[in-house]
Amino acid sequence: MLLQALIWFILFFYLCSAAFIVVITPARIAQFTYDFAQDIRHLPYGYTILIVMMIAVSFPPFIGHTTLLNLFGFTYGLRGFFPAAFGSLAGSAIVFVTLRIMFSKRLRSWTSTNEKWQALEAVIRTRGMPLIILIRVSSFPPWAWSNSLFASIAPVSLFQFFMATWFTLPKAMVYVFVGSRIARLSDGEQRNHMDTQTKIVNGLLVVGGISISVLASSLVYHLMQKEIKRLHDSPSERDELAAEALEAAEEAPLLGSDSLRSP
């Protein structure tokens with residue numbers, strides 16, 4: 001499946017990145033990254049570069065949304081949350097509208113012949129915003145693919161999708177915070193002026209931020225799986241089909257391998 005291949009690619013990418021860091025040494029890479037981030041920060045409209053990148057990675061099959069959230073914090077500190085939030089909201093809305101306009105015929109053709117997708121749309125019409133929000137804040141599928149998934153679900157309006165995306169911002173704030181702490185530890189000059197206690201505190205804050213993000217993602221994933229199980233256990237055939245559609249989200253009309261072809 002396409003999403004499985006994507007997951008393996010991401011794992012391979014991070015393994016290669018880890019090997020690269022070991023060879024070059026973390027301190028040199030951290031200092032280079034910090035200096036590069038400062039160059040962006042001192043540009044008159046440097047934040048617009050990151051916002052444009054955020055919008056770009058909101059389109060499938062690109063990845064890197066979480067990394068860019070870290071980079072906003074790395075470059076601008078906690079103030080980076082505001083352009084990061086703007087980029088996330090704008091990027092997701094642009095993807096949603098673009099895919100809806102470009103592939104409207106494909107979407108109608110798919111829903112008219114796929115019983116599982118019809119059932120999913122019916123369930124979302126019934127459950128409304130709570131289910132939309134739950135799917136949106138889930139870590140799976142990844143950011144860009146989640147944007148495409150919602151563009152595939154006809155009953156979800158732009159307003160509903162946009163409001164549900166706001167619920168992803170607390171997690172985004174955590175990523176920005178982690179990036180801001182990593183920046184302080186990446187600059188050799190700042191590290192040299194830190195005592196051991198300060199370094200430990202900053203390290204613990206980074207670990208704590210990552211842990212909070214992982215726990216929150218795990219909780220949402222658990223709730224999502226619980227909802228899918230509840231749909232499976234429902235006596236309604238419609239709910240059963242909807243659960244199967246959620247489990248096979250990579251088969252959505254705008255997530256398939258030929259989704260970028262003309263309808």
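Backbone N, Cα and C define each Cβ position, glycine as well.
Since we're looking at a predicted model, the values are computed, not measured.
Residues annotated as transmembrane segment in TrEMBL: 6-24 (among others).
Residues or ranges marked as transmembrane segment in TrEMBL: 45-64 (among others).
According to TrEMBL, the feature domain 'VTT' maps to 65-180. When the domain 'VTT' (65-180) is classified with DSSP, helix, strand and coil residues number 101 helix, 0 strand, 15 coil.
Under the heading transmembrane segment, TrEMBL lists 84-103 (among others). Beyond its flanks by at least six residues, the transmembrane segment (84-103) meets 50-51, 53-59, 65, 68-69, 72-73, 143-144, 147-148, 150-152, 158, 161-162, 165-166, 168-169, 172, 176, 253-254, 259, 263 of its own chain at Cβ-Cβ distances under 8 Å.
Summarising the annotation, TrEMBL assigns transmembrane segment to 124-145 (among others).
As annotated by TrEMBL, transmembrane segment applies to 157-179 (among others). Counting same-chain residues at least six beyond the ends of the transmembrane segment (157-179), those with a Cβ under 8 angstroms from any Cβ of the stretch are 66, 69-75, 78, 80-81, 84-85, 88-89, 92-93, 96-97, 100, 129, 132-133, 135-137, 150, 205-206, 209-210, 212-213, 216-217.
Taken from TrEMBL, the feature transmembrane segment applies to 200-224 (among others).
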